[in-house]
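Under the heading active site, phosphoserine intermediate, TrEMBL lists SER110. Taken from TrEMBL, the feature Zn(2+) binding site applies to ASP60, ASP342, HIS346, ASP383, HIS384, HIS459. For ASP60, HIS171, THR173, the entry in TrEMBL reads Mg(2+) binding site. Taken from TrEMBL, the feature signal peptide applies to 1-16.
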Amino acid sequence: MKALLLLLLLAQLCSASLVPEREKDPEYWRRQAQETLRNALRLQRLNQNVAKNLILFLGDGMGVSTVTAARILKGQLQHGQGEESLLEMEKFPYVALAKTYNTNAQVPDSAGTATAYLCGVKANEGTLGVSAGVTRDRCNTTKGQEVTSILRWAKEAGKAVGIVTTTRVTHATPSAAYAHSANRDWYSDGEMPPDALEGGCKDIARQLVENIPDIEVIMGGGRKYMFPKNASDVEYPHEEKHRGTRLDRRNLVQAWQEAKPSGKVAKYVWHRRELLALNLSRVDFLLGESRHHGVPQPQLGAFGGTPGLCWGSWSGQLSPQGCCWLQGILVSHPGDTGGRIDHGHHEGKAKQALHEAVELDRAIGLATRLTSAQDTLSVVTADHSHVFTFGGYTPRGNPIFGLAPMQSDVDRKPFTSILYGNGPGYKIVAGERENVSAVDFAHADYQAQSAVPLRQETHGGEDVAVFAQGPMAHLLHGVHEQNYIPHAMAYAACIGSNRAHCNAGARPAAPLLLPFLALLVLLC
């Protein structure tokens, strides 16, 4: 303990030396501000082109505090102090805030929010692709309340589309793009109650195959929901938890392949080596599903043969209408999709959540380099936040997963900078708060301390950031309702209901829509 206190004291005494020499010069800050001003003035020349491509990067659970902490982590991974770093999304010129509440919830869930930012309509928590007239679990309230997504709007306009996620493809975040369900957990008919089946409601996996059968690219996890109950998994035939779940005994992968038009090539892959072996210039439709609920975090070195978020092997090859499939440019993953930022936070494992966010950032950077802001509207946002925070008057360059430079003035124990408002990290040892100096708080599985004990940490209710670049990006500004996002994107691409402003002669043929979820991109 004395050694720890000495180190903390030395850190404070040396804090002045943490200031880079250039930052001691007032002119450094003045020059920086002037350059920022010049860039801002250039934004007066609005980009009002029709968007040929739309890309939506969705970091599941990526609230503002997560964005800031990920920025610091990115800089520290690059051997900098961290605070001065910039995420790729932070280089986008337009930033807005989105209000994330569901119609019946102050603090939202991922299903109601996905309905908002994909379908343009706010909904009740736990429901997918339906209006607020639907009550969760009530199949009989669904009929006539279905709402369509920007993915369907794009298909109806003749565009090529794709869903790439590091979560299950039937997870709430991506599934609002194609499904209509009174319950986000109805992954297959094996998870549905008898009254819902009798009422004619369809499970989410079935809707993935049937509702919009011509989605060109679908990549994610959760393949067991596509196969008959107790069918052995192709990769783990002896593990019961990975067996099929379908009561109707259907093989939905086979159904997906059979539904494709004659002469079109549809390929199903479940392993990285199969994906790399494909000649994607000869593939019209691609379905990739791993066994995982989501892609394993690559920073932990645990994904084996599963593609992740950023490997960049197939960009531009799969282009049935002359479009570049941006979701294919990276594979190596950020978190159950950009998706696993959320999972890391729910488990109180900030290290996993933040590394996931950095992976998402790598994907954004790669997509930005392979497209042009003149014809591609890129939007980065989150569905909701988490009760994640970091503080404690840490000095410049303090390791983001490190200790605050002080002890509590109540229990006289050290604490990490990162903390949660609630979650599984609440621990009492001998009647007192756990002494974090006695544990490995830098471990990937360390659960940061929380104020309230819960088996899973909860979402947060504050607004989330929306970063935008490209045609009509200036429409995303100020504070918006979350359901505004797809309407602005559709306006930019001349799809959906707002097309009166479009010059038919200037509209590009066959643009590409890529709703990247949750972390965006990628195959599990």
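Cβ atoms here come from the backbone N, Cα and C positions, even for glycine.
With respect to their backbone Cα atoms, HIS346 (Zn(2+) binding site) and HIS171 (Mg(2+) binding site) stand 15 Å from each other.
ASP60 (Zn(2+) binding site) and HIS171 (Mg(2+) binding site) have their C-alpha atoms 11 Å apart, to the nearest angstrom. Separation of the C-alpha atoms of SER110 (active site, phosphoserine intermediate) and HIS459 (Zn(2+) binding site): 9 Å, rounded to the nearest whole number. A distance of 12 Å separates the Cα atom of HIS171 (Mg(2+) binding site) from that of ASP342 (Zn(2+) binding site). Summarising the environment of ASP60 (Zn(2+) binding site), the number of other Cβ atoms within 10 Å of its Cβ, over all protein chains shown, is 38.
Most other Cβ atoms within 10 A: among the recorded positions SER110, THR173, that distinction falls to THR173.
Within 10 Å of the C-beta of ASP383 (Zn(2+) binding site) we count 33 further C-beta atoms, all protein chains included. If you take the Cα of HIS384 (Zn(2+) binding site) and the Cα of THR173 (Mg(2+) binding site), they are about 11 angstrom apart, rounded to a whole number. Taking the Cβ of HIS346 (Zn(2+) binding site) as centre and 10 Å as the limit, one finds 21 other Cβ atoms among all the protein chains shown.
Cβ neighbour count for HIS171 (Mg(2+) binding site): 30 (other Cβ atoms within 10 Å of its Cβ, all protein chains included). The binding-site residues HIS384, HIS459 differ in how many other CB atoms lie within 10 Å of their CB, and the one with the most is HIS384.
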